[in-house]
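Structure first, commentary second.
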Amino acid sequence: RICLFAIQGIRKEECLYPRAHTCFNRLDLPMYSSKKDLETALTMVIKMEVTGFTIE
C-alpha cells in the first residue's frame, strides 16, 4: 500500500533542517536560499546517526 505525503514549507527560523512527521505523512522543509543549501542540509540529515522520536 502506498501512502501519500505532503511537503510543508517552513521558515528556517522554525527549524534549520528538514524533519518528518510520520504520523501525519508530512515533511517540513525549510525554505533554503539555494539548491546547494538544500542539498547540504539533506545530505547532513541523511548522514546523521542520531535518530529517535520526540513529542512536540
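Just so it is clear, glycine is given a Cβ too, placed from its N, Cα and C backbone atoms.
In TrEMBL this protein carries:
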- 18-56: domain 'HECT' (DOMAIN)
- C23: active site, glycyl thioester intermediate (ACT_SITE)
Within the domain 'HECT' (18-56), how many residues are helix, strand or coil going by DSSP? 16 helix, 8 strand, 15 coil
Find the average pLDDT over the domain 'HECT' (18-56) in the predicted model and report it. 84
For the residue listed as 'active site, glycyl thioester intermediate', nearby residues of its own chain (Cβ under 8 Å, 6 or more apart in sequence): none
